[in-house]
Structure formats: C-alpha cells, structure tokens
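Undergrad: The Mn(2+) binding site annotation in TrEMBL covers CYS99, HIS101, GLU135, HIS159, HIS350.
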Amino acid sequence: MSELLNETLSAQLIAYRHYFHEYPELSSKEFNTTKKIREILTSWGIRLLPTNLKTGVFAEIGQNDGPILGLRADIDALPIDEAANVTFRSKNPGVMHACGHDTHIVSLLGGAYLLKQQEQVLPGRVRLIFQLAEEADEGALQVIHDGKIKDLAAIIGFHNTPNQPVGQIGFRAGITSGAIDKFKVTLTGIGTHASAPQNGQDPIVALGAEIGALQTVISRQIDPLQGGVLSITHVAAGNTWNIIPETAFFEGTVRTTDKKIRQTIKTHFFDIVNNTAKAYGTTATITWYTGDPSVDNDKELTQIMIDESSQFTTTYDLQPRLGSDDFSCYQTYIPGVYANIGNGGTVSNHNSRFTAADETVIYGTKFFERNAIRLLKELSTN
Ligand SMILES: [Zn+2]
Ligand SMILES: [Zn+2]
C-alpha cells in the first residue's frame, strides 16, 4: 500500500467525492464535471490531452517509451431525484449519481495523484480516460472515435457494487456481462372492416403468431445448458374495436453471453419473423440494433490484477450477469479488465436511495495506482 495515500489525501478525495455527488450531470452534459476534473488534474501538474469531445477528460502520466495503459472512469449521472439520506445530497434537482460514477471519478483522480508522485519510475505511461455518457451507451464509442485507445496496450476500469463489503474487489476472467441487441418489427397487412377480414390481411393475428413462435428461439434452438433471453416488451396495433388495422408493431431485446449464440438467435429471429409474416399474408420490416458486446476480461491480465489486488484487499469471484457496460466496446479492440468494487451499500444502482460508502474511493484509488504500476511492469517485460 502506498504511504502516499495518507490521511490528508484521503480527506481531500472524500471532499471531492462529495462535491461531484452534489453536482451530478446527465450523459453528454457533464460540462461542470469536466471543468472540475481538468482543474484538479492541472493543479497537480498532470498533462491534459487535446480532444474533440465536448465533455470527458483525457490526460497522461509517465514516460514516453514503454507501453501505455488506459485507466477508465465513467463520469455521468442519471435523471433521478435523489432520495438518499446523505449530507452531500444532489443539488441538481432531478439528477443524481445513482450509479455511483462519482466514486469512479474520484478513484481515478486519486490514482492519478499517486501515479504522478511516482512518474519518474513508471515503466511506461498511463492514460486517464474520464469517459462521458456511459449511461447513454454512447461515450465509449466517442472516445474510440476520438482516437484515445488506438495506441493503448490494455485498459482497466471498475464499477462500484452494492451488497458487497466496501473495498472488496471482484474479478472474473472471460465474459462477465451480457451482450445487448434490440429489435423493432412492423407488420404490414391490409386494413379492413372487422366484420369482413377476408377483404384484408390482419397484421394483429400475424403478430400474435410471431410472439408465440419467437419464444421457440431460446427454447428450441439454443443448448439448454447455455443461456440467452429474448423478451418482447412493447406491442402496439390498432385504435378502435371495429377496424382491422393496416399495421402492427412490436419491439424488445436479446441478451446473450456467447458470440455464437448471439448470431444464432439473430438468424432464427429473422427467419421466424419474415416467414411467419409471409404465411399470414403480411410483410415484416425488421430493424435490428446491435448493441454493446459482453464485457470479456483478458485472462492473463485478470490473474495479474487478482494477485496484485489481494495484497491490499480481499478479492472475490465475480458472477456473470446480463446487465451491460460500454467498457466492453474498448475490449473489442484491446485487452481489458473490468472489475467490481464493493461500495458497502445495500440499495441497487439506479435507485433513488442508492448510496456508496466514501471509502469506496480510497480502495478505488489503490485499485488504479497499484494495478497500473504492476501491469505496466508486466506489459513492458512482455
Ligand atoms: Zn448505471
Ligand atoms: Zn454505472
């Protein structure tokens, strides 16, 4: 553990944590957050990198030769009115750090401060990535587009998590989160009088058949020992009792943890929707949105980080889940590790009563500092 992380610095970091919590900002609107992060980094003599993005901050610490390691923290908040009983409650009505990204921001600031003190001995560089718009599922792609990861050897980050003692760090090699896809389907038939269906083509009956048939994709086409989910969550058609409408609409989502299964589901989805539509005399228009892939942690780097982190805290095995984080977008280009750090709270993320203990940022600071130094050493000897 770094002796540099003394009481004065801890108190300063916790004060920053309260500040960011009090002034949360929505995705892509993190203007004050961006300004404040830049001010703090500049006051510590850390060099900022130019960017074309309006929010988010990029900076670097270390030597010019050697590998570059990305350290990522997401910085946005959610459109929720805070109901948590804390002294540093949100002062921006209707906006709240209900996902605890304030703890991510300050953990990366703390890590940056400590790494700056050791800049002369770093075997490479760290690039600080304070990422905008994670909740909107847009930020990582913008950071990639801004050219900020193309020369990185690897990237690491974490999410704070409730129902886990504060500071315990969860790791899992391989896939830890679901890949997200979204679909919208419009069935077009021929509208007619409800009393004379033979004069039209009823899209509502076709839609009913499709909903039933689509449930067979998971139950009949996917290995029962493997997983996936296909949910239809919104259906709309018609507007009165005596007209068969021209169109019927449904949308929903697919979540998977395996690339092949993801493709299999998509293929069968298109087959069933198109062929069923045809069998009922209608035509289908499908819009398929390919969302984030799964978080897929590099095995070797994960092992190194477990070894390093278990020297300053307790580590545990992270269970996979079907939620997502756009950190996974980085991992399609470079190896990365995304961990969880217990926040000591009991309320789930995205809830108006969500809380995270202040000490989360102390462990988060160590997480970035210790793992960055260790990984740079390992990456520079490879
Ligand atoms: Zn969130
Ligand atoms: Zn989050």
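Cβ from N, Cα, C; glycine included.
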Undergrad: Around ligand 1, within a Cβ distance of under 6 Å, which of the binding-site residues CYS99, HIS101, GLU135, HIS159 show up?
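TA: Among the binding-site residues listed, those whose Cβ sits under 6 Å from ligand 1 are CYS99, GLU135.
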Undergrad: Taking the Cβ of each of the binding-site residues and counting other Cβ atoms inside 10 Å, which one has the highest number: HIS101, HIS350?
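TA: The most densely surrounded of these binding-site residues is HIS101.
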Undergrad: With respect to ligand 2, which members of the binding-site residues CYS99, GLU135, HIS350 satisfy a Cβ distance under 6 angstroms to one of its atoms?
TA: CYS99
Undergrad: Mind checking which of CYS99, GLU135, HIS159 has the fewest other CB atoms within 10 A of its CB? They're the binding-site residues.
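TA: Fewest other Cβ atoms within 10 Å, among the binding-site residues CYS99, GLU135, HIS159, is found for GLU135.
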Undergrad: Which residues, in sequence order, are found in the same chain with Cβ within 8 Å of the centroid defined by the Cβ atoms of CYS99, HIS101, GLU135, HIS159, HIS350 at the Mn(2+) site, excluding those residues themselves?
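TA: For the Mn(2+) site, the extra neighbours are ASP74, ASP76, ALA77, LEU78, HIS97, ALA98, GLY100, GLU134, ASN349.
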